[in-house]
Amino acid sequence: MKLRFFLAFLGLFANIQLFAQGNCATWQVEASPKEAKIGDVVTISFFVTPKPDWYVYSSDFEEGGPQVTKFKFEPNSSYALVGNLEAINSEKKYDNVFEMEVRFFKKKGEFRQKVKILKKDFKLAGTIEYQTCSDKTGQCIPCEYDFNFSNLTIKAENTPEKKNDKDTQVQNNKINQENLSKNQPLTDSTEKNIVQTSSTENQASKSNLKTENTTSTYKKTQKQDTGSIWLFALGAFLAGFLALLTPCVYPMIPMTVSIFMKGDKPINLQADFAEQQAQMKANRRKGIIKALIYGFSIIIIYGILGLLTSLAFGIEFNNDFSTHWIPNLIFFAIFIIFGMSFLGMFEIILPSSFVNKIDRKADGGGYGAVFFMAFTLVLVSFSCTAPIAGSIILLSVQGEVIKPLVGMVAYSLAFAIPFTFFALFPTAMKSLPKSGGWLNTVKVFLGFLELALAFKFLSTADLAHHWGILNRDVFLAIWIAIFGALALYLFGFIQLPHDSKIERLSVPRTLVAILASAFTIYMLPGLWGANLKLLSGIIPPETTQDFSLDTQIEKISYNTDASATDDFPKSVKYGDFLHLPYGLKGFFDYKEGMAYAKKVNKPVFLDFTGHGCANCRKMEEYVWVKPEILSMLKNDYVIISLYTDDKTELPESEWIISKVDGKVKKTIGKINLHFEAERFDNIAQPYYCLLDTEGNLLVNPPKGYEPDVKEFEKYLKTGLEVFKSKKKASL
């Protein structure tokens, strides 16, 4: 009997291991170069290969959505981390559930970490915590991989290796910890032997991990997301055209082109007709060449600005930029200043002495002077173009390193085209509209946009650091006020310092005013919790909304339903930070929920879920919300939602020791994941189990991701029927 029980016990965990091994990704570790001296910096590459029809989330996107891949390096005196972890060639998509951009690896992926060799007995150990999801089943699995890499040949070095072992250990551990806290924050590891690849694969050679040479299948430079860059370039190009329509730039187009058309030499009126024609053609040819040089000079000047930005804000800056509060608050302030400048509160100008010096160089002859003419244009138009060009730079440094250069070249290309075009075809200038008050209207329009963009930076810092000062409804209220004011301005109800009197509205101005009004009206329902899909990923997520009408209606409906609220406790364990959607009431602790189910004699709807589980949110938004499903969850079942990725550490009295790996599980997520694997032989989410009051399955097998509402309704009804038949049989 004991032997049979022992074999059954082993079989259970063998199945768990096989499930994990079959669905978690495989990893390989490699160093480049394979030989190094003490003091050298080497690159450690971690290659990941998801299983077919599965993908692994990358490390290079913001938290707050799916589980971001994290590396935890165990500090020791043989190495020090250099710089940040890099994800190479990750794919990008917009996740409609989390309303954010995520990155992932579909086939093969690579992560790189540079390390400095400090001792001959080099060893790099740690844990990779990641999430893999299936395209077919819609389920996600939190996985883990332990690495212990020492397959690096350290050459002899004459330089003294150590001055003081104790000091070196303390210093290098401090360096490693600082790198970890800055770049790869991590919590305790998740269910290792349950969710990682097989223990044989992970532990086979702990001291000398030999890995495949897979570098030939990977590029050595990080590939930029071309789709994203081209979209950004298009936006910068359009911004360049908008900059042309400002009072500082537009009037200079005919003036500059006329200079090119005059040529260097006046026409000799005493010469014969043929000679005059030849002189005109020569001047025309020189004018075209100068116009081309002028256009290219503008591109070069702005391109240099973009290149300097790329060099100043490199890869390491970009890794931390998107969520760090300091740069986001600085850029919030800069955008506010730019916006106020465009609205006419003040002008941003360069020192006149500097501008005059460049202008004097432009007065000289030859093609060299043309460059300084272009430089003069850039400087003279600074008060109008600086906010636009500055905005492009500030937006670009949040992304890849190449973006500032691409953005500035695209911006300057739009800026340069009209000057070159009208130099080639001067008669086309007759079709240009005359300068006037409409130019200032364009400038003010851009000012309102700058103000709106400013709050996006403030929102990014607020969300990343949980300040709670710019929740969704507050953000929307500010944007509604900004775009409402823009609409009133365009309709002529508001006048600003540099505006001229408006006799009548032009058709384009009226159309833009209508669009601004429509956009303002579109945002209004968002104040009461409406889903504004057009602004997904721009405004803060709905979870930050202080008031939602839909949620309040659901709560009222729930509270007036006696069958759903009889004897329900006023507070539940973890209910202060874990919540159910649509005003549903339930539990987040298995024992507490089962005790209540026994008390009210109702079946249990056990929901294994996760904060980073996209398909869990899809089930809630598209299946749970249906009246037929919501009614059963409210009235007929006791809901127990167990989060398998929650990082909240529990008191020591609630810790458990895993029978699988012998490790202590300290967090809510680890304990719930261990329970799911041990009790139901599963580690994926979403996973829905229907239980009786004793914890026995009413319907076997349980349901995973099931977007078919009718099928899910059938599943719930079957569970109710089985529960009722059990009740009758027990009477």
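Every residue gets a Cβ built from N, Cα and C, even glycine.
Just so it is clear, the model here is predicted, and its values are computed rather than measured.
Database features, via TrEMBL:
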- 158-168: compositional bias 'Basic and acidic residues' (COMPBIAS)
- 169-218: compositional bias 'Polar residues' (COMPBIAS)
- 38-147: domain 'Thiol:disulfide interchange protein DsbD N-terminal' (DOMAIN)
- 230-458: domain 'Cytochrome C biogenesis protein transmembrane' (DOMAIN)
- 158-218: region 'Disordered' (REGION)
- 1-20: signal peptide (SIGNAL)
- 229-253: transmembrane segment (TRANSMEM)
- 291-313: transmembrane segment (TRANSMEM)
- 325-346: transmembrane segment (TRANSMEM)
- 367-393: transmembrane segment (TRANSMEM)
- 405-425: transmembrane segment (TRANSMEM)
- 437-455: transmembrane segment (TRANSMEM)
- 475-494: transmembrane segment (TRANSMEM)
- 506-528: transmembrane segment (TRANSMEM)
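Taken through DSSP, the domain 'Thiol:disulfide interchange protein DsbD N-terminal' (38-147) splits into 0 helix, 66 strand, 44 coil. If one looks beyond the transmembrane segment (437-455) by at least 6 residues along the same chain, the residues whose Cβ comes under 8 Å of a Cβ in the stretch are 242, 245-247, 250, 331-333, 335-336, 338-344, 384, 387-388, 391, 470, 475, 478-479, 482-483, 485-486, 489-490, 496, 498-500, 502, 506, 509, 512. Mean per-residue pLDDT, taken over the domain 'Thiol:disulfide interchange protein DsbD N-terminal' (38-147), amounts to 88.
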